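Features reported for this protein in TrEMBL:
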{"type": "DOMAIN", "residues": "40-164", "note": "domain 'Heparan-alpha-glucosaminide N-acetyltransferase catalytic'"}
{"type": "REGION", "residues": "1-36", "note": "region 'Disordered'"}
{"type": "TRANSMEM", "residues": "41-61", "note": "transmembrane segment"}
{"type": "TRANSMEM", "residues": "81-99", "note": "transmembrane segment"}
{"type": "TRANSMEM", "residues": "111-130", "note": "transmembrane segment"}
{"type": "TRANSMEM", "residues": "150-167", "note": "transmembrane segment"}
{"type": "TRANSMEM", "residues": "188-209", "note": "transmembrane segment"}
{"type": "TRANSMEM", "residues": "298-319", "note": "transmembrane segment"}
{"type": "TRANSMEM", "residues": "331-351", "note": "transmembrane segment"}
{"type": "TRANSMEM", "residues": "357-381", "note": "transmembrane segment"}
{"type": "TRANSMEM", "residues": "402-421", "note": "transmembrane segment"}
{"type": "TRANSMEM", "residues": "446-467", "note": "transmembrane segment"}
Amino acid sequence: MDGGRKDVDAEEDPDRLRGHPASEVDGVDEDEKAPRRSRRVASLDVFRGLTVALMILVDGAGGEWPVIGHAPWNGCNLADFVMPFFLFIVGMAIPLSLKRIPDRGRAVRRVVIRTLKLLFWGILLQGGYSHAPDELTYGVDMKHIRWCGILQRIALAYLVVAVLEIVTKNAKVQDQASSGFSIFRMYFSQWIVACFILVIYLSLVYGIYVPDWEFRVSDAKNPNYGKVLTVTCGTRGNLDPPCNAVGYIDRQLLGINHMYHKPAWRRHRACTDDSPHEGPPKTDAPAWCAAPFEPEGILSSLSAVLSTIVGVHYGHVLVHMKRHTDRLKQWFIMGISLLALGLILHFSHAIPLNKQLYTSSYICVTAGAAGIVFCLFYFLVDVLNLRHPLSPLQWVGMNAMLVYVMAAAGIFEGFLNGWYYETTNNTLVYWVRKHVFVRVWHSTRVGILLDVLFTQILFWAVVSGLLHRARLYWKL
């Protein structure tokens with residue numbers, strides 16, 4: 001937690017540092033001789049705050065509301081937009097952050113340090129060390145530590161794309177105005193790298209031979225607990241749960257013990273009669289239903305870098321284009337185009353939408369949706385200046401790391417659960433959920449949804465607002 005102004009150079013609107021037309025539209029009449037005063041891109045904070053709020057919502061209520069939880073395999077529910085939105089936001093902030101660091105060595109050091117911090121927090125929170133909020137224990141067997149996770153994927157994408165931006169940017173064009181598609185030409189080398197990543201991903205996904213494999217069932221609730229089961233594959237180019245190349249590469253490089261042991265596919269209709277809800281396994285469920293799978297694995301994380309590159313392009317538009325209408329036109333056209341391309345790929349059965357595999361159609365749909373949502377916030381917040389109604393989201397966005405750790409990762413709730421009466425199920429958290437929400441509304445589903453909205457999202461929005469007033473922020 002840092003006092004004073006946050007590291008604002010990460011998300012400055014460059015037009016607010018100069019006397020460009022966009023500043024005039026905002027009602028800012030700046031004297032070029034006056035000291036520069038940086039202002040954050042408020043719409044980007046609002047978008048980040050919305051994404052953090054969505055993560056809290058889907059983690060807390062997704063079990064009762066499958067439509068907002070992760071799709072068991074193919075498809076795209078509300079939860080499946082969260083990760084790409086984060087990566088898009090990270091990408092968009094990169095040109096704004098690195099623009100004000102002309103020294104490449106200093107920029108690389110900053111990127112590497114932030115990457116290491118993200119990796120540390122990711123492994124600590126999702127590697128198995130923290131058991132919050134439900135279990136009042138901590139610690140992880142290193143034989144079963146999970147190396148991948150949300151922050152680890154963000155760290156990888158940030159490292160790759162930020163270094164790419166540092167290496168490829170040309171100081172002569174940093175302050176150069178642009179229009180139309182000339183921005184693509186300015187950063188043509190970045191799109192070449194993006195195409196190279198896409199080719200590698202598609203070549204491996206459709207070209208690697210996946211042999212039969214086996215695993216030991218680790219879920220104590222499964223009737224086959226402790227048994228070694230065999231999954232029959234012997235194929236290549238398969239995108240089904242058991243025999244895809246994404247899972248095969250993770251099993252070979254990470255080791256099956258270091259993968260996620262509660263994948264969303266357990267809610268697949270082939271695995272449980274309660275699908276899309278969680279439920280007991282079918283008696284004739286295929287062996288792979290009880291197997292681990294890493295949704296933030298190696299090959300899928302390589303593909304996820306493309307979501308960040310799309311975000312970088314939106315950041316370049318903000319840097320180089322001076323008028324709101326030009327920016328919005330460029331962003332909206334690209335967002336609609338990506339969304340349409342992704343839907344065509346999915347509904348033509350060419351490439352299905354799949355978050356677990358991070359398929360090309362999934363990248364297009366989610367990146368396009370992110371671009372459209374950001375356009376909406378930019379128009380409302382930065383053009384029409386309607387900031388007050390969206391202030392709670394902006395506050396959360398400015399302290400996103402704090403809210404993620406305390407709310408989404410369950411650390412604060414775990415702390416509260418540590419103060420119980422007689423039994424560990426008799427805590428303030430459980431009492432409020434049961435008596436204030438579930439019993440009042442006579443519905444577990446509605447009660448849990450309202451509990452998440454009020455005691456987590458709204459609560460942390462208020463806390464973030466108070467911290468904002470005190471100018472206290474957690475930065476990496």
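Cβ atoms here come from the backbone N, Cα and C positions, even for glycine.
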The transmembrane segment (81-99) and the transmembrane segment (41-61) contact flag, 3+ Cβ pairs under 8 angstroms: yes
When counting Cβ pairs under 8 Å to the transmembrane segment (111-130), the leader among 188-209, 298-319, 331-351, 402-421, 446-467: 402-421
Selected stretch (most C-beta pairs under 8 A with the transmembrane segment (41-61)) from 150-167, 188-209, 331-351, 357-381, 402-421: 357-381
The transmembrane segment (298-319) in contact with the transmembrane segment (357-381), cutoff 8 A, at least 3 CB pairs, sep 6+: yes
For the domain 'Heparan-alpha-glucosaminide N-acetyltransferase catalytic' (40-164), the mean pLDDT of the predicted model: 92
Paired segments the transmembrane segment (402-421) and the transmembrane segment (446-467) in contact, 3+ CB pairs under 8 A: yes
